Amino acid sequence: MKPNFSKGLLPAVVIEEGTKEVLMLAYMNEEAYEKTLETKRTWFYSRSRRSLWNKGETSGNVQHVQSLYLDCDQDAIVVVVKQVGPACHTGEKTCFHYKII
């Protein structure tokens, strides 16, 4: 089964393998998805820069892909990783560190 990229970018929810904690949300196009499969490291598509980026390429906070899950509509991906360092560019462990309720 493959993701359906016919409508463009797909959301990719990245979670930590051991804890299942949500680390970040990013977007993948087909090229980012294929590079992720090929390298076993996360690749995403930056909507603001309109280009691919490899998580941790400059910071060293890489994500080693352990598994990928596809939702029932084939239009969203869960990426299970072993995270090296913080996942968030702010230095926080997760991008979801602001509690609302």
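Start at 1 and count along the chain as shown; that gives each residue its number.
Each residue, glycine too, has its Cβ placed from N, Cα and C.
Per Swiss-Prot, Mg(2+) binding site is recorded for Asp71, Asp73, Asp75, and the stated evidence type is sequence analysis. In the three-state DSSP classification, Asp73 (Mg(2+) binding site) falls within coil. Annotation for Asp73 (Mg(2+) binding site): same-chain Cβ neighbours under 8 Å, separated by at least 6 residues, are Asn4.
DSSP assigns Cys88 (Zn(2+) binding site) to coil, not to a helix or a strand. With a cut-off of 8 Å between CB atoms and residues at least 6 apart in sequence, the same chain places Leu23, Met24, Thr94, Cys95, His97 near Cys88 (Zn(2+) binding site), listed in sequence order. Annotated Zn(2+) binding site per Swiss-Prot: Cys72, Cys88, Cys95, in sequence order.
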For Asp75 (Mg(2+) binding site): intrachain residues, at least 6 apart, with Cβ closer than 8 Å: Pro3, Asn4, Lys7, Leu10
